[in-house]
Amino acid sequence: MAEAKKLFIKTYGCQMNVYDSERMAEALGASGYVTTDSADDADMILLNTCHIREKAAEKVYSELGRFKTLKAANPELKIGVAGCVAQAEGEEIMRRQPLVDLVVGPQTYHRLPAMEQAVRAGQRAVDTEFPEEDKFEHLPKGPRAIRAPTAFLTVQEGCDKFCAFCVVPYTRGAEVSRPVARILGEARDLVLRGVREITLLGQNVNAYHGAGEDGDWGLARLIRELAKLDGLERIRFTTSHPNDMEEDLIAAHGDEPKLMPYLHLPVQSGSDRILKAMNRKHTAESYIRLIERLRAARPDLLLSGDFIVGFPGESDQDFEETMALVRAVGYGQAYSFKYSPRPGTPAAERAGVPDEVASERLQRLQALLTEQQYATQDAMIGREVSVLFEKPGREAGQMVGKSEYLHAVHVTNPKVQIGQIARVRVMGRTSNSLAAELV
Ligand code: SAH
Ligand code: SF4
Ligand code: F3S
């Protein structure tokens, strides 16, 4: 048997890229590749990239520059760019960086084995189509390689919302939901291999409408069906849009015990004027009402969100409205970003807010969000939570895992195995994680 070729994949961006990287590794596994943790001994390097903000996209080019010496040392080394930068910039990457052999978009990576052959034959290959066929149907069907008791499972891809700032509808394409049977099959397989927690993924996951045996299923019904799987203990989903939060999904937070009490629900801004300019199609008020309904169903729901500051036209007053919304909601944790103009999006044409102003706003918003995060964590002290243990911690004897609320929790010298769920009492907070003792 020929010696296995080594594949190094570096993943940027969202969880869907993490999922895709695993699928790419499996696709190339069929061509004789095994993954390696080091770029130095790789026969193929793939960067699975993110285009969401300018900084994310630029990272790719600086990373590629660093591979020059590796390629000089090993002329057989092939370098590929996958993901959303690949989709957005395709041929441009080939022009800017001659050492790239292969560019593949998020919807065509099932074609990697054929592209790899072309590249080994000395060609450069680009494929950023939005093909007719479903890539999932052309990826290896065998069991997924499992390394942890938690796994991602893509159920929906793409976005039809076209928020004025966002590249996702262009890089991932139109909304597509995978059929129910395929998702249940993949989930069963994960559970058989020891997975206890599945996070359902989609750019707009709560818009899920997949074909079931009796017509279209929404996300709530899919979650309820998954919850019947013995051995699967926890279900999460991300990322949701406020406008697709349907009644049944809100109810599931109250009556489906396997659905974890954590929800990432981006709002972006607290100003209706800015929300309108962003094409978000919801208001600050409608978002707050929605949170109230969710909390009525599940009072201990921990909320997470995304915010953009310095969107074109954002005044001091608009920003204060964002701060007011954050105070009104009370987030357990959240992500916030300075607006970054993205080529091809409607907002890129509009005059921006001065950078110093945007930076100052971001600082204030992040200070408030961090304060809320710490307060939420501190409120856990003395309480009992369930932890799914995922790996050994940094210190000797430590094990770390996640609570229902997605808090990182570490316990010293517990008698637990990886993959086990145990009750613990939270004793304190150390910066970003909670210290606990087994009950
Ligand atoms: N599908 C998800 C996430 C999209 S990207 C959703 O709709 O919420 C993740 C986050 O990146 C967004 O929620 C937004 O806050 C941020 N983001 C997207 N485009 C951006 C841009 N041009 N500049 C700054 N932040 C951006
Ligand atoms: Fe982007 Fe808006 Fe779609 Fe989210 S809903 S992926 S922010 S266009
Ligand atoms: Fe980035 Fe593409 Fe995800 S742009 S956030 S990797 S969908």
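Including glycine, each Cβ sits where the backbone N, Cα and C put it.
Those TrEMBL annotations? Automatic predictions, nothing curated.
Annotated features in TrEMBL:
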- Cys14, Cys50, Cys84: [4Fe-4S] cluster 1 binding site (BINDING)
- Cys159, Cys163, Cys166: [4Fe-4S] cluster 2 binding site (BINDING)
- 5-121: domain 'MTTase N-terminal' (DOMAIN)
- 145-375: domain 'Radical SAM core' (DOMAIN)
- 378-439: domain 'TRAM' (DOMAIN)
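This view paints the features noted in TrEMBL onto the structure.
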residue : record                          : CB count, 10 Å
Cys14   : [4Fe-4S] cluster 1 binding site : 19
Cys50   : [4Fe-4S] cluster 1 binding site : 22
Cys84   : [4Fe-4S] cluster 1 binding site : 27
Cys159  : [4Fe-4S] cluster 2 binding site : 23
Cys163  : [4Fe-4S] cluster 2 binding site : 21
Cys166  : [4Fe-4S] cluster 2 binding site : 21
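Checking the binding-site residues (Cys14, Cys50, Cys84) against Cys159 ([4Fe-4S] cluster 2 binding site) with a 10 Å Cα-Cα cut-off leaves nothing. Excluding Cys14, Cys50, Cys84 themselves, the residues of that chain whose CB lies within 8 A of the CB mean position for the [4Fe-4S] cluster 1 site are, in sequence, Tyr12, Gly13, Met16, Asn17, Thr49, His51, Ile52, Ala56, Gly83, Val168, Thr171. It is 17 Å from the Cα atom of Cys14 ([4Fe-4S] cluster 1 binding site) to that of Cys163 ([4Fe-4S] cluster 2 binding site).
Proximity to ligand 2 (Cβ under 6 Å from any of its atoms) holds for none of the binding-site residues Cys14, Cys50, Cys84.
Helix, strand and coil content of the domain 'TRAM' (378-439), in residues and according to DSSP, is 1 helix, 36 strand, 25 coil. Taking the mean position of the Cβ atoms of Cys159, Cys163, Cys166 as the [4Fe-4S] cluster 2 site, the remaining same-chain residues with a Cβ inside 8 Å of that point are Lys161, Phe162, Phe165, Val167, Val168, Pro169, Gln203. Per DSSP, the domain 'MTTase N-terminal' (5-121) is made up of 63 helix, 24 strand, 30 coil. Secondary structure at Cys163 ([4Fe-4S] cluster 2 binding site), taken from DSSP and collapsed to helix, strand or coil, is coil.
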